[in-house]
Structure formats: C-alpha cells, structure tokens
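> I have a structure I would like to understand better, so I am pasting it below and will then ask my questions one at a time.
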Amino acid sequence: MTDTAENQTQNNWQAGHPRSIRSFVLRQSHMTAAQQRAIDTLWDSFGIDYQATPADLDARFGSSRPKILEIGFGMGTATAEIARRLPETDFLAIDVHGPGVGNLLKLIDENHLENIRVMRHDAVEVVENMLQDGSLDGIHIFFPDPWHKKRHHKRRLIQAPFIAKLLPKLKTGGYIHLATDWEEYAQQMLEVLSSFDSLQNTAADYAPTPDYRPETKFEARGKRLGHGVWDLVFKRIG
C-alpha cells in the first residue's frame, strides 16, 4: 500500500461520510524516506487492508494467541515496546496517520517482532465491520486526543456509544485499558466506563500503570512539567 493510495482511500471515506463526527483530523504530515520505504516493503507482511466484512484475526496473524486491539498508536514506539514485552500476545494496531504507520512498520522490522499487524483506517469503521464478536482479549487506547475545547468535546473518542460498539468484540474476562494526561477527560472516561453494568473497574477509581505499558517521551515530559497521568483498567464481566 502506497501513501498516495491510502490518502485516496481516506478521501473517499470522507466524501462518503460528510456528516460523521470523527475523533481525528487527517493531518498533512511529512513522511520520511525510511517510513515510506517501510510501508512499501513491509505492508504485505504486517499490514492489513480495511474490508467491510468480518476478518479472521487468527488467520491474519497465523496464530491463536490472545488478541489486543490498540487504537491510536502515534509513532508506534510504545506499541512496539509492549509487543516486545508480551511476545505471546498479538496486537492489532490502528491509526490513520501515515508517518506513524511507516514508523511502526520500521520498528517491527528493526526489533524482529512477529506479533503486530497494522491498519491505517478509521478505528470506528474497523470495530463496526471487521471485528467479530468475542474476538478480542483486550483493548488499549492510550492518550487519545482530549479535544480540550468544550465545543469539540463531541469529537472525543471515549463516549458511551463507542464503548457500546467495543463491548461485544471483547471476550468475557477481557479488559479495556485507557490512559490520558488530561484530568477532565480522565473523569469523563471513568464516568463512561462505570456506566456499563458489564464492565467492572479493577481499581477503586484510577489504576496503577500496568507493567506492560512503557512511559512515552511525551508522558515523561508532561510529568516533568507537573502534569498527571491517569490509567483506567476495566474488565468485562458479562
């Protein structure tokens, strides 16, 4: 998949969904030569193209290991590190931004990781159309855009309608792990997840950061500036 072809796919999606409220903005970002080369040479091995019908994740990974969905991986550094720490778990990583996709593919190659597959598409459509019910053991959404202006809150990804779409895809006993450095968004996340009877908080409110989640450079810089970070881990109980 070339970056040009994927841009056309995204343009077609926008044309077909003019009234959709999306949680992301498609930025014009510079793709380095190394990132583009990674897409050109590694996509066939580690990329998954969007389809509007359910996909067999075990077949796509070539394994029956537990499956984790990661939505919004940025430049992919944390995703690659989590996959390295959890080699017996498969990760389906979704983002819309080309440089991040290229960088994650590059990291997969450099670290000899076999347990990541990458998609460049709107995660909401993937959840709605590609993921089979009960196919996921966990869901990671780390540092989604907080859309801090009140008039933009409707763009936030973590809202009840989206969680309602995710829940059927999650096995009983599976978990949802969210993280944010925006306190007001953390409160909203807590309220949204707590509103579902089929989800149980694993902590009294916010959870300690699990060992598998590395600290990102952005997160470390925020902590130096006195910013907090909030993790939430909820388990599906029914």
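Glycine is no exception: its Cβ is also placed from the backbone N, Cα and C atoms.
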> So Swiss-Prot lists Lys149, Thr216, Lys217, Phe218, Glu219 for substrate; which of Asp95, Asp109, Asp122, Asp181 goes with them?
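Among Asp95, Asp109, Asp122, Asp181, only Asp181 appears alongside Lys149, Thr216, Lys217, Phe218, Glu219 as substrate-binding in Swiss-Prot.
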> Near Phe218 (substrate binding site), how many other Cβ atoms are within 10 Å of its Cβ?
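The answer is 15.
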> Record lists Glu70, Asp95, Asp122, Asp145 as binding S-adenosyl-L-methionine; longest Cα-Cα distance in Å?
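Of all Cα pairs among the recorded S-adenosyl-L-methionine binders, the widest measures 14 Å.
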> Measure from the CA atom of Asp181 (substrate binding site) to the CA atom of Asp95 (S-adenosyl-L-methionine binding site) and give the result in Å, rounded to a whole number.
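Cα-Cα distance, Asp95 (S-adenosyl-L-methionine binding site) to Asp181 (substrate binding site): 19 Å.
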> For Glu70 (S-adenosyl-L-methionine binding site), name the DSSP secondary structure in the helix/strand/coil scheme.
strand
> Sequence gap of 6 or more, C-beta under 8 Å: which same-chain residues meet both conditions with respect to Glu70 (S-adenosyl-L-methionine binding site)?
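Result: Thr79, Ile82, Phe91, Leu92, Ala93, Ile94, Ile139, His140, Ile141, Phe142.
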